[in-house]
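Database features (Swiss-Prot):
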type	residues	note
TRANSMEM	1-21	transmembrane segment
TRANSMEM	44-64	transmembrane segment
TRANSMEM	87-107	transmembrane segment
TRANSMEM	114-134	transmembrane segment
TRANSMEM	150-170	transmembrane segment
TRANSMEM	190-210	transmembrane segment
TRANSMEM	222-242	transmembrane segment
TRANSMEM	251-271	transmembrane segment
């Protein structure tokens, strides 16, 4: 793998995993526009992609480190019968993780095979953009509550939204922010809940494949560099996004980008052969 391509993929993963624009969709579409095909199950790429997932998860853990310490403390307090907001939120995050964990393990590879056509990925990106616009409309129409007041049923619903991101072109963070808006969270709190909810999912995606890092010792240097670059990009991304939504930023801005990018890619691959 060339150095420029390593840097490109690392930064692309770190940014698009957290921005509501579909990391998997971009990983497939952007290289294809330059005539390259990315097979994330290729043996030579697996160690590298494992490191990218771990880099993203570590960036999220570090950014929300104080929040996670409070959540874990509240969780153990709840086990001792002491009800508290942090413990309730931790249980909500656990419940929200269940749908994607189960569906992802059972169906992820099958779904990817069905949606391998880049024109379908581009169409999904367009739909993702429309949903982001609708999410803004929903958020402004709902009464607001803090994440600690989400019911477990609402947390499960938000977690269920992540399942849609198994389809390339749909964004995990985008879908969970929309679901959070529907549950009554403000834009910044929906973003925070989305990132907290996504951390164990992203971590698990890396940890499950971690042994493959050590089956390719000749690629460890590339994987380490990629992981570090992704962690930096992801940290800067989550920092920007939290400030953006705290400053009354809107999902519709990302929705417009997704629609325009999806239309461009759809038109491109209607008239150009897809790389194999």
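One-based numbering along the chain as shown.
Each Cβ is built from the backbone N, Cα and C atoms, and glycine gets one as well.
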*Hey, would you say the transmembrane segment (87-107) packs against the transmembrane segment (150-170), going by three or more CB pairs under 8 A that are 6+ residues apart?*
yes
_Short question: most Cβ pairs under 8 Å with the transmembrane segment (190-210), which of 44-64, 114-134, 150-170, 222-242?_
44-64
*Selected stretch (most C-beta pairs under 8 A with the transmembrane segment (222-242)) from 44-64, 114-134, 150-170*: 44-64
